[in-house]
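What TrEMBL records for 202-214, 237-249 is compositional bias 'Polar residues'. Positions annotated as compositional bias 'Basic and acidic residues' by TrEMBL: 275-287. Marked as compositional bias 'Low complexity' by TrEMBL: 296-305. Positions annotated as region 'Disordered' by TrEMBL: 202-305. Per TrEMBL, the feature transmembrane segment maps to 12-30, 77-97, 103-126, 138-163, 169-189, 336-358, 415-436, 442-464, 476-494, 522-541.
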Amino acid sequence: MLDRQLHRARLISSVAATVISLACGTNYVYSAWAPQFADKLHLTTTESNLIGLAGNLGMYSMGVPVGLFIDHRGPRPAVIAGALLLGLGYFPFRSAFDNASGSVALLCFFSYLSGLGGCMAFAASVKTSALNWPHHRGTATAFPLAAFGLSAFFFSVFGSFFFPGNTSAFLMVLAAGTSGLTFFGFFFLRVFPHTSYHAVPSTTGVSDSQQLRRTSSEDAKAPRRGRGLPDVEPGMSPTNYTTPVTLTQGMGGAEDGLDQEPPSTSRGGSATRPIDVEAARAPHATDEPEDIDETSSLMSKSSSLPGDVLVQNSVDMDRSHRIDIRGWHLLSNVDFWQLFAIMGILAGIGLMTINNIGHDVNALWKRYDDSVSEAFLIQRQQMHVSILSVGSFLGRLLSGVGSDFLVKILGASRAWCLVVASFVFFIAQIFAINIANPHFLGFVSGLSGLGYGFLFGVFPSIVAETFGIHGLSQNWGFMTLSPVISGNIFNLFYGTVFDSHSVVGDGGERSCPDGLDCYRNAYFVTLGACCLGLLVTLSTIRHQYQQRLKEDGKGPAED
């Protein structure tokens, strides 16, 4: 009965995580309103890209401190902070558009706030999903990741349906919708302890005498009483990362995997972790031998004890629970720099199209038919943003579930999903370089979204599998610093290319009459980057395969 209730509660929490993520990906809807915003405020394409890049900067640059905050304080405070920042970020844009004026520096600051708010709430959603479903992490995280990718589609369709051609009203929808959805999801987003981590007394089929173990130990009593009265938010990491002496002696070389218990193991926080595992491994305890009676000693010697199952169940023995690489150790790890390079190259390619698909639409349509109206262009921009978003949604969902299939059924590496992402991006760049008819631009937006989704749908699981689940938020924060660098390079280069072909009208508005040539050279650069990303990905797969063979030869305890 308890298991059923916990299962239902986890499902509700997963739905909340998905709803929150749906509000966090609105940076990618920027292209739906950026051209009109730039025209109203007489901004250049480069200035418009700077505002969009500030949002990406907020989303990615603060990943490390946000991750540390979530790992130590739990996911829920980050959600409420994210709701506040999303509102503070978007409301000034509506005001600036209505007044047709605004400082580029201030607009960049508010864009940064919106990105930071999305980063905080989204990271909390992914961490919660990973903790609540340790057996199916790829599938569980795929849903909030997919919703994040679907965010642009949701808001662009909502805006085009209820406020067609009204950029001011659409900005109000972004401000109220993002903060409102995140605030609503806050009340249902929780981390629940998994049953596979419960202590020995909760397991059936064991003699009642086992419950008499260590009854005189006051140290054991206090943490167990704390389970009913949690002092900390579930999902928090212990502040002390040192491994207890009894654990190190009892588990041999596995201290890397146990120096921090998964945050969902107990509602009592870090104090319960040493007791539960120590109780299961009582024969190895050296600090309280006088507290163990004859019955408990005999019971603890049995290899069929639930305590042994506790330590060696499929969740604990999963590599992501046996290792914990973070901080400075992460920066000296070869796997980190390989994955960092892949993320930077491929994410930068995707971000260039995501942030500039609106400019692509304007350039091609004004060349193809110079009589098109502004409302028609807005509708087309929103359509392509929706196509991008749906492609991202499908890519995230397919790569998340597909990566679990690769690992569990085929015994292959999740990183093969990154090869798929590289190939899809390559095809998208080929189309972008050659398509001059705006009716076929959907191939560029659709494939770019699909590749971007494949990249981000599987990457958190790869990070957790490579460096451990315990520091996922902060490690993911380090990883997402790379798009800050590559995104700036590719987007500013696109702006430079586009501005070099633009002309300024009598009223100060800018437009490019050259069609495909307005941005074609930018896609030649990203085409070369795709080839580089594919080579780095294949090299990473080979390196990880050799590393796993080496680890298997040494034994699982030496990870």
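Positions of Cβ are set from backbone N, Cα and C atoms, glycine also.
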Long-range CB partners for the transmembrane segment (77-97) (under 8 A, at least six residues beyond its ends), listed in sequence order, are 20, 23-24, 26, 37, 40-41, 55, 58, 66, 69-70, 106-107, 110-125, 167-168, 171-172, 174-176, 178-180, 182-183, 185-186, 189, 233
The answer for the transmembrane segment (12-30), taking Cβ pairs under 8 Å and residues 6+ beyond its ends, is 52, 55-56, 59, 79, 82, 86, 90, 114-115, 117-119, 121-122, 124-126, 128-129, 132-133, 140, 143-152, 154-156, 174, 177-182, 184-192, 354-355, 358, 385, 388-389, 392
Residues outside the transmembrane segment (522-541) whose C-beta sits under 8 Å from one of its C-beta atoms, at least 6 past its ends, are 335, 338-339, 341-342, 345-346, 348-349, 352, 413, 415-416, 418-419, 422-423, 425-426, 429-430, 432-433, 490, 493-494, 497-498
Ranking 138-163, 169-189, 415-436, 476-494 by Cβ pairs under 8 Å to the transmembrane segment (442-464) puts first 415-436
Checking 103-126, 138-163, 169-189 against the transmembrane segment (476-494) for Cβ pairs under 8 Å, the most are found for 103-126
